[in-house]
C-alpha cells in the first residue's frame with residue numbers, strides 16, 4: 001500500500017515528521033469499524049485505510065500530558081523499522097481524531113493464543129518466537145530505546161504466527177530517562193511522587209524488582225520482563241498463578257497476594273513465577289537463560305545482544321546447524337515458509353462467543369409470552385394518598401486499575417412503559433466477563449416474564465433462572481468446542497433493585513451493595529455474601545462445598561472465591577448458590593436517594609462517606625456516580641468500579657449541598 005504524503009508531512013505541532021509515513025489523512029481515506037480492544041488509555045478498532053484492512057489505535061487524550069505523550073510516541077514510532085516490530089502505516093496527528101494506523105495482525109496477541117486458546121507450543125515454536133522477539137529488543141536497545149512494557153499481550157501474531165513487538169505507548173529513549181532522574185526532579189522543586197508515577201510504569205507481574213523499588217528504568221528491566229515472557233510461553237501459565245486461563249488470572253493472583261504483598265515478595269524475597277520443568281526436549285540452557293534474565297541484580301542480567309547469541313546457540317542445539325537458515329525471517333524466503341509451518345501447526349482458532357448477544361437472544365425468547373397489557377405488580381388497593389417517589393437516575397463505570405472491564409450494568413426506568421416501575425442492576429464478573437455480560441441481557445426479560453408472581457419472587461426466580469441459563473449456555477458452547485477452556489468457570493456477583501410505586505425490592509448475590517439515604521443517614525438494603533460470614537460459611541459447607549483459610553481470609557475452595565453466592569461458577573455449584581437474599585422497603589418522603597455499587601467502591605469507602613460525597617455534589621445522578629467512582633479510584637481501589645445513583649424526589653442540578 002502506497003499512500004500519498006501531503007507536504008508538509010508533520011503533526012499539528014510540527015514536532016513529528018516522516019519521509020515515508022503519512023501524518024495527516026483526509027477523513028475519506030479511512031473508516032473505523034468495530035472495536036478490537038479497549039483499555040484505560042486507548043481503543044483499538046478494526047478499520048479500512050485506503051482500501052486495506054488495518055488496526056486503528058485511538059488514544060484517550062484527556063489532559064495536556066496525554067497529548068504530549070501522543071507526540072512522543074509518534075516521534076518514536078516514525079523512526080522504527082525492523083521486521084520484528086509492529087509497523088506504523090500512517091497516523092492522523094491533528095485534532096480532533098488523533099490516531100495511529102498499523103498492519104492488521106490476523107492471529108491476535110500471544111496472550112490470547114496462550115490463555116484463551118490454551119496453545120501449548122513445541123520447543124521449536126518457543127525458540128523461534130523468542131528469538132524473533134529477542135532480535136526486536138536488540139534492535140530497540142541498540143538504538144537507545146527502552147520498551148518498558150514487554151509482555152505477551154504486547155506481542156502480535158500474523159497469519160503465520162510470526163511475532164511482532166507492539167504497543168510503544170510507554171517506550172522511551174534511554175537518554176530521556178537519564179535526563180529525568182530523581183535528583184534533577186527534586187531540584188526542580190516538584191514532589192517526588194510525580195517522578196515515581198512517571199517512571200514506575202508497566203505491568204506489575206512483568207516488572208523488574210528495581211522498578212518496583214522505584215529506581216530508574218533501563219534496558220535491563222526489559223530483559224527481566226522478557227525472561228518472564230519466555231517462561232510463560234513454556235508453561236502456558238500466567239505469572240504467579242497456578243492456572244492457564246487468562247480470565248482467571250486476577251482471581252488467583254489476588255487469592256495469593258495483594259499488589260503490595262506481591263511487590264514485597266518480588267523485591268525482598270526474590271519471588272519469581274514457577275520455572276518451567278525440565279522435559280525430554282527442553283534444554284537446561286534455556287531455563288538457565290530465563291533465570292539469568294530475571295536476576296534481582298540488573299548488572300547480572302545479559303544484554304539483548306547476549307540473549308540473541310544464547311538463543312541462536314540453543315536453537316542450533318535443538319534443530320541442528322543444517323536448519324540454521326530458519327533463524328532469519330525475510331518476506332519471501334523459503335525459511336519463512338518452513339518457520340511458519342512450525343509455528344502454525346496448532347491451527348487458527350479464535351473464540352467467537354459474544355456473551356452479550358447470547359444473553360440478548362435468550363432474553364427475547366423469555367419475554368415473548370409476557371402479557372404487557374396487564375399492569376405489572378399492580379397494587380391490590382387504590383390509595384391516592386400513598387407516597388410515590390419521583391426518580392432521576394444515572395450511572396458511571398470504570399475499569400479502574402484493571403486492564404479489562406468485567407462489570408456490566410443496566411438502568412431501566414419506567415419498565416414496560418409503567419410510570420412507577422423501575423429496574424436497576426449491577427453485575428461484577430470474575431474469572432472473565434462472560435457471566436456478567438450474559439446476565440445483564442437476560443435478567444430484565446426474565447423479570448418481566450415473571451410479572452404474575454410478586455415483585456420479590458420475580459427477582460428471586462429471575463436470578464436463579466439467569467444462573468441456570470448461563471451455565472447451560474456455557475456447557476452448550478463447551479460441547480460444540482466454541483469455548484476452548486474446559487476448566488473455565490466464569491461467574492459474577494449481582495445486585496438488582498426493583499422499584500414498584502413506593503416499594504423497593506433489592507435482590508443480591510455476592511459483595512455488591514445498595515444503600516438508601518434516609519433522613520440524611522445511610523440505611524443498608526443488602527449485605528455482602530462472603531466466606532468470612534459464619535452463616536454463609538456454614539451454609540456452603542452444608543451444601544457440600546469447601547471453605548479454606550487461604551493466605552489472608554476464608555475462601556471457597558478450590559477456586560479461592562471470597563463470595564459465597566453468585567451467578568455462574570458452575571464448578572462450585574450448588575454450594576455457591578445463585579439464590580438471592582431479598583429485602584423489601586417501604587419508601588417515604590424521608591428517603592432521598594438510592595446508591596448501588598460494585599465492591600470496587602465499598603472496598604475503599606464506607607456508607608457515611610458515600611452519603612457525604614453525594615450531598616456535596618451537584619444533584620445530577622450521573623455526575624454523582626462519576627464522582628464516587630473517581631474518588632474510589634483515587635483512594636486506591638484495585639477493582640472495576642460501577643455506581644448507580646437514583647434520586648427519589650425532585651432535585652435541582654443547581655443545588656450543591658442540602
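Cβ atoms are placed via backbone N, Cα and C, with glycine included.
Features of the protein shown, as given by Swiss-Prot:
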- 30-314: domain 'Protein kinase' (DOMAIN)
- 36, 37, 38, 39, 40, 41, 42, 43, 44, 57: ATP binding site (BINDING)
- 149: active site, proton acceptor (ACT_SITE)
- 392-648: domain 'PPM-type phosphatase' (DOMAIN)
- 428, 429: Mn(2+) 1 binding site (BINDING)
- 428, 599, 639: Mn(2+) 2 binding site (BINDING)
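Structure with Swiss-Prot features highlighted.
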| residue | record | DSSP class |
| --- | --- | --- |
| 36 | ATP binding site | strand |
| 42 | ATP binding site | strand |
| 149 | active site, proton acceptor | coil |
| 428 | Mn(2+) 1 binding site | strand |
| 599 | Mn(2+) 2 binding site | helix |
| 639 | Mn(2+) 2 binding site | coil |
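Note: the CA-CA distance between residue 599 (Mn(2+) 2 binding site) and residue 428 (Mn(2+) 1 binding site) rounds to 8 Å. Note on proximity: of the recorded positions 149, 428, 429, 639, the one nearest residue 42 (ATP binding site) is 149, by Cα distance.
Comparing the binding-site residues 428, 599 on other C-beta atoms within 10 angstroms of each C-beta gives the minimum for 599. Note: the CA-CA distance between residue 36 (ATP binding site) and residue 149 (active site, proton acceptor) rounds to 20 Å.
Spatially, by CA atoms, the recorded positions 149, 429, 639 include one closest to residue 40 (ATP binding site), and that is 639. For residue 429 (Mn(2+) 1 binding site), the same-chain residues that are 6 or more apart in sequence and have a Cβ closer than 8 Å to its Cβ are 406, 407, 408, 435, 436, 437, 490, 491, 492. Working note on the binding-site residues 40, 42: by count of other C-beta atoms within 10 Å of each C-beta, 42 ranks first. Each residue contributes its Cα atom, and for residue 38 (ATP binding site) and residue 639 (Mn(2+) 2 binding site) these two points are 16 Å apart. Among the recorded positions listed (44, 149, 639), 639 has its Cα nearest to the Cα of residue 428 (Mn(2+) 1 binding site). Residue density at residue 639 (Mn(2+) 2 binding site): 24 other Cβ atoms are found within 10 A of its Cβ, drawing on all protein chains shown. Within the set 36, 37, 38, 39, 40, 41, 42, 43, 44, 57 that the record links to ATP, no two Cα atoms are more than 14 Å apart, and one pair reaches that distance.
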